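Q: According to Swiss-Prot, the protein carries these features:
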{"type": "DOMAIN", "residues": "32-388", "note": "domain 'Protein kinase'"}
{"type": "BINDING", "residues": "Phe38, Ala39, Thr40, Gly41, Gly42, Phe43, Gly44, Arg45, Ile46, Lys61", "note": "ATP binding site"}
{"type": "ACT_SITE", "residues": "Asp167", "note": "active site, proton acceptor"}
{"type": "COMPBIAS", "residues": "405-418", "note": "compositional bias 'Polar residues'"}
{"type": "COMPBIAS", "residues": "449-460", "note": "compositional bias 'Polar residues'"}
{"type": "COMPBIAS", "residues": "545-559", "note": "compositional bias 'Polar residues'"}
Amino acid sequence: MPPKKAAPKKLHELAPEVRVGLKIDDISKKTYIVGKQFATGGFGRIHTCTEDGKSQQMVMKIEPSTNGPLLTEVVVFNRILKKDMIENYKKAKKIQWIGLPHLIANGYFTYNNEKMRYMIIPKYATSLEAVREANGGSLSAKDSLTVADCVLGALEYLHDSDYAHADVKAANILLEKPNDFSSAVLVDFGLAHRTTNNVDKPDKKRAHNGTCIFTSTDAHRGNNPSFRGDVEILAYNLIMWISGSLPWLSLEASPDKVFEAKQKFVGGLPGTLQSILTNQPAPVAGCITTMFDVSRKTDYTHKVDMAKLRKKVTEAAQSASTGAQKKPKMTPSRDTTATPKRKSQRAPRVESEDEEEEEKKEVEIKPKKKVQRSRKVVEDDDEEEEVIIPKSTRSRKTKEEGTPRSFNLGMTSSTATSDRVAKKIEMKYKRLATNKPSLVPVTVADASSCESQYESNEPGPSSRVVKKRTSEERDANGEVQLKTPALVSPDVKKTKYKSGISSATKASPTELRRVPGVRNFPKGRRSMIIKETSARYQEKRATRNTKPTFDDSSCSSEV
């Protein structure tokens, strides 16, 4: 009886959708909350996630526990991509940065009676593939070589750890910062292979493993991933990034034909490469040719001299940058028919339409801004007072030229006397501004009463003789026009100002202390003000009761 045939291997299944907000407990007693799904990789789903109680977002890959790709990746992370391992490597090599992610957490959880495997790694800004598509399907030579240098550094770490990546492509390269190509990080280790047991023995079952248009000729033959294969894969990617196409791109559905096209291309170097990169400096094509030469001359099980390759890539990037600065307009537009994904040719710099619209709005709005200028209000023939009107006020417009304002004080006095009274009023307001309690501003009516006493022939207490005014100095109404200084309040009227506080109240310390305005003064100052004010008004009342004489000080201090 013939032996039974082995049961066919179960194909990988796509992971079921996991609801947002699901909490997963880690073996380290940390809780992670599943976020929204933003991508699908292989047979798994890729979600954002956060640690419970924290806001920093991370990436969680979820697959059924029976699937192999995520298991392979978890094994690689646990063996060589833990955070402390990467830090020790950087210290040993004396480097500050390396383009590889580190493992945060991994494990199992049950969802709808199905066992699921998960892995958590850091979250990055964007993928190189998204940037390439946004740029019309290609990148500049300088940016492409900058990314290649980062990838070579990551591959050097993997090769030193006896692992080959086997799936280098733009979709598996992430940027830590948008448009910062020097921060490229190599991810997705689902096809990574440990090379310690590699033997140059092709197996048809493994033929064409990887991404068909980029995979190495070793993989097309059926060999396991190798160190030289990673360099060859990166060289194919550089051609795709710079030119936007590959000669075998339309043959992707037929892996055997792709393999034949690659063999012809590599056999015809450097001429076949120069025919594609016609508009690039010679060092750029020379750098990629060197990568193909190294991959062909290196033995299947031997490691590649990454330091030599990185030096060549750096020199080519510098020459590409210099050539772009010298001739920025000489690069013709590329043929977009070779790459189906490319829709339109765009500028190298990635800029969203929203940012362009905002810049246009700012340019349109700026000329419309009105500059508020100061206006001058004429207060006198000789002096002008500049008044700066704030934007928020809506005051009436004042003419720059016109008749000076004047107040009719209703008194007959000479020009010199009226100027003297005006100066007294000005001095009173200045002293009032210094919070001197013994000074009270006078009104125009008080000044008028004082002038009427100055006109008498009887000498007052001030023993000053004042000449009477002549009728020639008066206007048609018998009044004198006095131009008020800026310190005189425009609300001054002819009538006597009434404060609402009687002289009897001011003369009584007890009553004066009860006045609300007096309470605003500090205690020590309040007592001094009450004492001075009551003493002055008591003396004034006593003088009025005994002999009605003229007191010059009362003219300037009585309210």
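Cβ coordinates are placed from backbone N, Cα and C, and glycine is handled just like the others.
Help me picture where these features are in the structure shown.
A: Across the domain 'Protein kinase' (32-388), the prediction's mean pLDDT works out to 85.
In this view, Thr40 (ATP binding site) is surrounded by 11 other Cβ atoms within 10 Å of its Cβ, with every protein chain counted.
Under DSSP, Asp167 (active site, proton acceptor) is assigned to coil, being neither helix nor strand in the three-state scheme.
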Q: Do any residues at least six apart in sequence from Phe38 (ATP binding site), in the same chain, have a Cβ closer than 8 Å to its Cβ, and if so which, in order?
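A: Within the chain, Phe38 (ATP binding site) has Cβ neighbours under 8 Å at Ile46, His47, Thr48.
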Q: Measuring Cα to Cα, how far is Gly44 (ATP binding site) from Asp167 (active site, proton acceptor) in Å?
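A: Their Cα atoms are separated by 17 Å.
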Q: Measuring Cα to Cα, how many angstrom lie between Asp167 (active site, proton acceptor) and Thr40 (ATP binding site)?
A: 16
Q: Have a look around Gly44 (ATP binding site) and count the other CB atoms within 10 A of its CB, chains all included.
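A: There are 25 of them.
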